Amino acid sequence: MKSSLKFSEMFAISLMLFALFFGAGNMIFPPALGQGAGTDVWIALFGFIVTGVGLPLLGVIVIALKGDINELAGRVHPIFALVFITAIYLCLGVFVSVPRTGTVAYEMSVAPFLPSEVAGQSYPLVIFTLIFFAVTFYLALNPSKLVGRIGKVLTPILLAVIAIIVGKALITPIGEFGAPTEAYSAPLFKGFIDGYLTLDGLAALVFGNVVIHALKEKGITNKNSIAKVTIFAGFIAALGLLLVYLALAYLGASSVSLGMGANGGIILTNVVNHLFGSYGTLLLGIAITAACLTTSVGIVAACGDYFSSLLPKLSYQKVVFIFCVLAFMVANLGLTQLNALALPILIAIYPIGIVLIVLSLVENYVRLPLAMYVGGIVGAFAISFFDGLHNANLQIAALAPILDKIPLYSVGIGWLVPGIIGIGFGYIVSKFQKQEVAVEK
């Protein structure tokens with residue numbers, strides 16, 4: 001058994017965590033934010049960094065201190081833990097992350113080279129994603145260290161490619177920053193919501209477990225040592241994400257002269273094609289496709305492990321097959337439509353994760369009553385649920401006048417004040433509960 005790791009080993013763990021976070025969404029959302037926010041790009045990016053970098057870092061720290069996502073969510077209630085953790089895995093495997101790997105790979109590697117009359121058809125995406133998820137299924141049946149090694153090789157290559165692209169853009173600027181679009185009229189809050197789409201804030205609660213497991217495999221069993229290395233890895237991964245987002249947002253903000261892209265994949269492709277021509281686009285597309293494939297295999301394998309243990313009657317192989325089929329179906333909505341589908345779901349459940357992470361961090365210093373967790377989560381979700389419906393254009397007309405009066409509801413974070421009120425109410429309830437117990441005694 002070892003009590004510590006060499007710096008090189010710690011950095012390797014950090015790179016692994018960064019590779020887990022650095023999925024398809026991390027490449028496409030910052031360019032879209034940059035182009036949409038224009039001259040307000042840095043304000044919007046700050047909001048994006050809060051939920052796309054800060055929250056994942058806090059999530060990793062919480063898992064490092066608590067040791068397990070089940071223990072973290074189980075603090076509220078076992079049924080809540082089951083539902084919440086299952087929702088995270090479903091978002092990763094079915095609704096957001098895995099389908100997005102297929103659509104981003106298509107947008108970056110195939111779509112740019114299709115004739116215009118073919119690009120507008122649906123069958124190229126169907127054919128590509130059918131092959132993509134068939135390969136995912138095959139590799140996920142026997143996930144090996146090879147996939148992880150490929151990811152470790154591709155991540156530095158992708159970072160180098162991004163650095164080259166940004167360097168070229170700085171030397172030969174693409175154009176001036178454009179005016180903010182209507183969607184970014186409140187850039188800080190819009191960036192905050194955009195950060196949800198990376199899913200990293202919730203995924204951190206799962207990825208933290210992966211790091212802990214990797215450390216235990218290396219012989220590190222001391223709880224304090226595991227926590228220190230995991231937190232170190234979290235900071236390095238967060239720093240990497242921060243630098244990448246700064247670079248990609250700049251590219252997007254300066255690309256208005258190339259035309260407004262429907263999504264970040266198109267924007268990034270246009271930028272690379274402008275700077276390096278079709279060969280640069282081809283090389284970037286191949287690298288991103290390989291990276292998306294390794295991400296897809298890793299997440300599908302994790303979902304297979306989780307659901308086959310949760311539902312013993314379903315074998316690992318069956319779960320993997322089901323997830324690949326569902327991901328294929330969702331992916332064929334297309335990248336733009338997929339993002340539109342994902343955002344209402346994430347707007348609804350993300351605040352639960354934020355409340356859970358923040359309260360768990362506070363509880364590392366002072367014991368909090370259960371009622372504060374329940375109050376905060378109920379208060380936040382009671383509004384974020386309707387926030388999600390509103391984003392999906394499914395709002396209930398009768399409730400609209402009431403919801404519109406809630407602070408910050410118009411900018412997508414109306415859950416914040418009710419969540420804080422719920423925490424305060426939970427604290428008051430806990431005091432009465434203590435008094436009742438004292439009287440009974």
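Keep in mind that glycine also has a Cβ here, set from the backbone N, Cα and C atoms.
Computed from a predicted structure; not experimentally measured.
Among the residue ranges 7-25, 368-386, the one that TrEMBL annotates as transmembrane segment is 368-386. Here the transmembrane segment (153-175) does not lie next to the transmembrane segment (406-429) in space: the count of CB pairs under 8 Å, restricted to residues six or more apart, is fewer than 3. Panel annotation: around the transmembrane segment (319-335), residues 28, 93-95, 98-100, 102-104, 106-107, 122, 125-126, 129-130, 132-134, 136-137, 140-141, 263, 265, 296, 300-301, 303-304, 307-308, 311, 341 of the same chain, lying at least six beyond its termini, place a Cβ under 8 Å from a Cβ of the stretch.
At the 8 Å Cβ threshold, with sequence separation of at least 6, the transmembrane segment (227-251) lacks contact with the transmembrane segment (77-98), having fewer than 3 such pairs. When Cβ distances are compared across the two stretches, the transmembrane segment (77-98) makes contact with the transmembrane segment (341-361), since 3 or more pairs at least 6 residues apart fall below 8 angstroms. Among the stretches 282-307, 341-361, 368-386, the one making the largest number of Cβ pairs under 8 Å with the transmembrane segment (406-429) is 368-386.
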